[in-house]
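A.B. asks: Okay, these came from TrEMBL:
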- 22-79: domain '4Fe-4S Wbl-type' (DOMAIN)
- CYS23, CYS46, CYS49, CYS55: [4Fe-4S] cluster binding site (BINDING)
Amino acid sequence: MDGHDILADLLGSVPEWQERALCAQTDPEAFFPEKGGSTREAKRICSRCEVTTECLEYAMQHDERFGIWGGMSERERRKIKRRANEVRLAAAAAAAQSTAPVMQVVTPAPVLETEQTPQAA
């Protein structure tokens, strides 16, 4: 059993898409640049990868805070999350307004004056 197998046992099985990822066949240093370092090479590799969508979804679901995942930096992923939260909040607010009880104002009908007939004495 090699180190990869031991790690897979400890963490659970490796998702199938990760085995097909181009980054698995390249130097991982490109995907975890130092602060201020270039992300160009990692993004170039991601642009040719067939599992970019799965990779990005994984990073978003697992709150990956470092590295390039699915062709996006941590800052770009935060921006997507922020926008998604804004959309969710707006949708929730719209739903709350549409299901809120509506107060109906009822105005009485105008009273029409009618001629009164004289009463017989």
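From the backbone N, Cα and C atoms, a Cβ is placed for every residue, glycine too.
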A.B. asks: Averaged over the whole of the domain '4Fe-4S Wbl-type' (22-79), what is the pLDDT?
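C.D. replies: Summarising the domain '4Fe-4S Wbl-type' (22-79) by its mean pLDDT gives 94.
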A.B. asks: Would you count the other CB atoms within 10 A of the CB of CYS46 ([4Fe-4S] cluster binding site), including those on all shown protein chains?
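C.D. replies: There are 22 such Cβ atoms around CYS46 ([4Fe-4S] cluster binding site).
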A.B. asks: Which residues, same chain and not among CYS23, CYS46, CYS49, CYS55, have a CB within 8 angstroms of the centroid of the CB atoms at the recorded [4Fe-4S] cluster site?
C.D. replies: ALA21, LEU22, ALA42, ILE45, VAL51, THR52, ILE68, TRP69, GLY70, GLY71
A.B. asks: When you measure from the Cβ of CYS55 ([4Fe-4S] cluster binding site), which residues in the chain that are at least 6 apart have a Cβ under 8 Å away?
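C.D. replies: In sequence order, TRP17, GLN18, ALA21, CYS23, CYS46, CYS49, TRP69, GLY70, GLY71 meet the Cβ cut-off.
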